[in-house]
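Some notes on the structure that comes next.
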């Protein structure tokens, strides 16, 4: 009886520790084509590119490569994207359906973190790119 209780305590404690390790960390999602993630990807890419000095065209999302989420007081979305300069000038309004990647534009791999609070308001926490 004592050894059974000890085993329950050991395995129960291990399960609690594993659960605590997951809390607060990012969890990978398998559905990169989910409309919510695509909307966030386009929001971050178009907003970020519009703020870059010297740019004349919006960047657009070519592909969502990876999605991770983290529950905080709201949700952090860490997205890894393939982006390229679009055919839409910054003087126009960005539209994900009409702002297609420029055929001659180099593609870059970017990672962005978007925070969405409990009221649904979103903001870009970071956006970093490297050559693809």
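Cβ coordinates are placed from backbone N, Cα and C, and glycine is handled just like the others.
As annotated in Swiss-Prot, region 'Required for interaction with mouse ANXA2' covers the listed stretch 87-131 rather than the other ranges in 42-86, 87-131. The disulfide-bonded residues examined here are 88, 99, 110, 129; by Cβ neighbour count within 10 Å, the least packed of them is 129. With a cut-off of 8 Å between CB atoms and residues at least 6 apart in sequence, the same chain places 70, 71, 72 near residue 24 (site 'Reactive site'), listed in sequence order.
The residues of the domain 'Cystatin' (28-117), classed with DSSP into helix (H, G, I), strand (E, B) and coil, number 16 helix, 44 strand, 30 coil.
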